[in-house]
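Comments concern the structure below.
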Amino acid sequence: MAFTIAIDGPAASGKGTIARQLAARFGYAHLDTGLLYRAVGKQMLDGRDPLDAAQALTPEDVAGEGLRTNAVGQAASRVAALPEVRKALLDFQRAFARRDGGAVLDGRDIGTVICPEAEAKIFVIASPETRAERRHKELVEAGHDLSYDEVLADVHERDERDMGRADAPLKPAADAVTIDTTALGIDEAVARAIAVVEAARG
Ligand SMILES: Nc1ncnc2c1ncn2[C@@H]1O[C@H](COP(=O)(O)OP(=O)(O)O)[C@@H](O)[C@H]1O
Ligand SMILES: Nc1ccn([C@@H]2O[C@H](COP(=O)(O)OP(=O)(O)O)[C@@H](O)[C@H]2O)c(=O)n1
């Protein structure tokens, strides 16, 4: 039977961390939908037409190296504003969401566009400064050389583009539960998310 957990929110709010732990806890499959847009964005940076890239996307592209950089995140947010690119990625995400056995998807439009019928919806937020701090630490630990200020500027720029676009803008679904992780550790944020899912499972 299908049971979908939709997790949306801005960059580095903690969506992926919560999604992975929920998937492990409930035995559901997990899809990080940001990786689809990152894979298309990376190919655009390599000179490919983004629509061609989206239409021909393979599992290998999405599992590929080099997707979690600032430059690729920015490119992802640019290709994500193109309605044709979003359309090309829609059916795969919808089918994943409604697969048997349960699914957790994290992104920007899961609860609003990909799976409005999701049984549990969570909108994860945190202050831009907190998100930039966490993402900066993560990137530096992965060997990237960039400043906190550069990451904060990236966070602001992507927030604006993702919230301001006409097609599938980042916003909470009317029936989403918001979790603000600014002052929460990972365990506490995950515990709150588990409580939301338990309540929806009844
Ligand atoms: N509640 C939290 N407290 C502290 N650090 C967190 C918290 N949630 C996530 N992180 C860390 O912040 C970074 C970004 O989290 P991630 O889950 O990848 O965010 P998103 O998927 O929203 O981009 C990761 O390094 C992660 O370990
Ligand atoms: N469902 C989704 C997921 C990502 N995206 C876009 O893809 C970009 C990268 O997403 P991501 O989830 O990997 O980014 P982070 O939150 O991990 O920084 C976002 O800035 C969005 O523009 C989207 O439009 N819709």
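Glycine residues also receive a Cβ, built from the backbone N, Cα and C atoms like all the rest.
TrEMBL: automatically predicted annotations, no manual curation.
What TrEMBL lists as domain 'Cytidylate kinase' is 5-47, 58-197. Annotation comment: TrEMBL describes Gly9, Pro10, Ala11, Ala12, Ser13, Gly14, Lys15, Gly16, Thr17 as ATP binding site.
For the recorded site, Gly9 (ATP binding site), the DSSP three-state label reads coil. Listed in sequence order, the residues of the same chain lying 6 or more apart from Thr17 (ATP binding site) and placing their CB within less than 8 Å of its CB are Ile186, Ala189, Val190. Confidence over the domain 'Cytidylate kinase' (58-197), given as mean pLDDT on the 0 to 100 scale, stands at 97. Taking the Cβ of Lys15 (ATP binding site) as reference, residues of its chain lying under 8 Å away and at least six apart in sequence are, in sequence order, Ile7, Asp8, Gly9, Asp106, Gly107, Val124. In this structure, the binding-site residues that sit close to ligand 2, with a C-beta under 6 angstroms from any of its atoms, are Ala11, chosen from Gly9, Ala11, Ser13, Thr17. There are 28 other Cβ atoms within 10 Å of the Cβ belonging to Ser13 (ATP binding site).
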